[in-house]
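J.: My questions will all concern the structure given below.
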Amino acid sequence: MAGGGVMVSQGKPGKKYPGGMTLAVFMACLIAAFGGLIFGYDIGISGGVTSMAPFLQKFFPDVYKKEKGIQSTNQYCKFDSHKLTMFTSSLYLAALVASFFASTVTRVFGRRSSMFVGGLVFLAGSIVNAASKNVIMLIIGRVLLGVGVGFANQSVPLYLSEMAPYKYRGALNIGFQLMITFGILAANLVNYFTAKIEGGWGWRVSLGGAAVPALMIGLGSFFVPDTPNSILERNKPEKAKEMLKKIRGTDNINDEFDDIRAAGEASRLVKHPWANIWKRKYRPQLVFAVLFPFFQQLTGMNVVMFYAPVLFKTLGFGDDASLLSSVITGTVNSLATFVSIALVDKVGRKALLLEGGLQMGIFQVFIGSIIWKKFGVDGVASIDSTSAKLVVIGICLFVVAFAWSWGPLGWLVPSEIFPLEIRSAAQSINVAVNMLFTFFIAEIFLKMLCTFKFGLFFFFAFWVFFATAFITIFLPETKGIPIEEMSKVWRSHWYWKKFVIDGNDEGIDMEKKPQEAC
């Protein structure tokens, strides 16, 4: 990565830039973080709507018959339907494809433009879904929503990491995840009340409600400045310098601007970032761009958020109880995210990831054990009040662990480790892998629940423990490191340094100024 920063005696980045948190930065990051609302609202709304009897009766009558016991089935399999899972998962396939187009828009036109496109297309999807007459319209609406999510998820984390002062980058970036949790909670509350609407059309309100977060990020994009990094990437140095002075609240920005400018010049020399990202010197970033979202999805969290009402109904909770339980999990998800905001720039990224991973794994085993005891293999049983409460408690303790660890840090760490010359391409890979495995989990979860039964929770527990071990060994700490100084983190790591140092002859030597490298 570009930048001529100094090194402290331990060989870690040591440059400290002047300027702190300003109102301009805080407001820009707050508005940009609204991009998380559209993702969160969709995650929360899907499971609630697919548990509403009128919705199932209209679009998925076979599932409705199973759920009402008109057809005999066991508790594990009563929601197993390819059409139902396709309704949920089609969004994430669309987001996967859209993220690659979003990379070009984000790089060429700026982060703001990508946010605007995301909000606009998500708005169109919400309108189509609310007006749906058949499953085809539902799927088309979901695809449009997915395009919006792909653009927002590609641009917002990058925007937050670039806009934030390095000392507060973790907290401000986690604003994206916080808004995701607010979106989930809002969706759960909307579902809880719309399910009570007489006439059976409450699901239209739930799906159409996605227009609200879409308008917030779409209109909000007009009121935020573009990042200095993005402005420089488009070869407007004077405008970028003025913007940096404004957001840092000081004229003493020469060191930071020089590093950003060096990165911008290096970025313009890289004509094909998609080709460059495969070079040896970018191997650490590429590995984490792929594995972070992979591990994040295999924690099982999105299963809980997608299908919480369905899951609770599967376990024998009534209609109101299942939706109310989802509201409870959504609430603890939001509250626990504040823990991450408070601690991420103090205790660091690794400490939160390791503690959260262990806690998630333990409570996946705990939940699976209770379900095993109550439903066994055949899935025919009812759950008593005490066991039901234990399941909710276990899920809540699993959710809070995710909310202060793998949830926010799954977006923060990848967005802060990429050098500018490959940043948009690398973030697209990060989003695409995230959406691919979100699609995969959403598509097969109900089938996996029917096949694996209680073992599904042990399956996710295994991956959580494996991810925790991997992070322990291979992830360097990125707390308090200026984003344009991040390359030195890899140079000082016992394993990754051989790729970064040995790979420096491939292309530009990022330790030199670009003109020197040429």
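Note: Cβ is positioned from N, Cα and C throughout, glycine not excepted.
Below are the features I grabbed from TrEMBL:
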{"type": "TRANSMEM", "residues": "21-41", "note": "transmembrane segment"}
{"type": "DOMAIN", "residues": "28-479", "note": "domain 'Major facilitator superfamily (MFS) profile'"}
{"type": "TRANSMEM", "residues": "84-102", "note": "transmembrane segment"}
{"type": "TRANSMEM", "residues": "114-132", "note": "transmembrane segment"}
{"type": "TRANSMEM", "residues": "138-160", "note": "transmembrane segment"}
{"type": "TRANSMEM", "residues": "172-195", "note": "transmembrane segment"}
{"type": "TRANSMEM", "residues": "201-224", "note": "transmembrane segment"}
{"type": "TRANSMEM", "residues": "286-310", "note": "transmembrane segment"}
{"type": "TRANSMEM", "residues": "322-344", "note": "transmembrane segment"}
{"type": "TRANSMEM", "residues": "392-413", "note": "transmembrane segment"}
{"type": "TRANSMEM", "residues": "425-446", "note": "transmembrane segment"}
{"type": "TRANSMEM", "residues": "452-475", "note": "transmembrane segment"}
J.: Counting Cβ pairs under 8 Å to the transmembrane segment (21-41), which of 84-102, 114-132, 138-160, 172-195 comes out on top?
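T.: Out of the listed stretches, 172-195 contacts the transmembrane segment (21-41) most.
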J.: Looking at the stretches 84-102, 138-160, 392-413, 425-446, 452-475, which one shares the most CB pairs under 8 Å with the transmembrane segment (172-195)?
T.: 392-413
J.: What average pLDDT is reported by the model for the domain 'Major facilitator superfamily (MFS) profile' (28-479)?
T.: 84
J.: Using Cβ atoms and a strict cutoff of less than 8 Å, what residues sit near the transmembrane segment (425-446) while being 6 or more residues removed from its termini?
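T.: Here the qualifying positions are 79-81, 84-86, 88-89, 92-93, 95-96, 99-100, 102-103, 106-107, 146, 149-150, 153-154, 157-158, 273-274, 276-277, 282, 285-286, 289-290, 292-294, 296-298, 302-303, 306-307, 310, 410, 414-415, 418, 456.
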J.: Can you work out which residues elsewhere in the same chain, 6+ from the ends of the transmembrane segment (452-475), have a Cβ less than 8 Å from its Cβ atoms?
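T.: For the transmembrane segment (452-475), the nonlocal Cβ contacts are 76, 287-288, 291, 295, 298-300, 303, 349-350, 353-354, 357-358, 360-362, 364-365, 367-369, 371-372, 375, 377, 379, 406, 413, 445, 495-496.
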J.: Taking the transmembrane segment (84-102) as reference, which of 114-132, 138-160, 322-344, 392-413 has the most Cβ pairs under 8 angstroms?
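T.: Selected stretch: 138-160, with the most Cβ pairs under 8 Å.
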J.: Any residues 6+ beyond the ends of the transmembrane segment (114-132) with a Cβ under 8 Å from its own?
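T.: For the transmembrane segment (114-132), the far contacts come to 32, 35, 38, 59, 102, 105-106, 138, 140-152, 154-156, 159, 204-205, 207-211, 213-222, 224.
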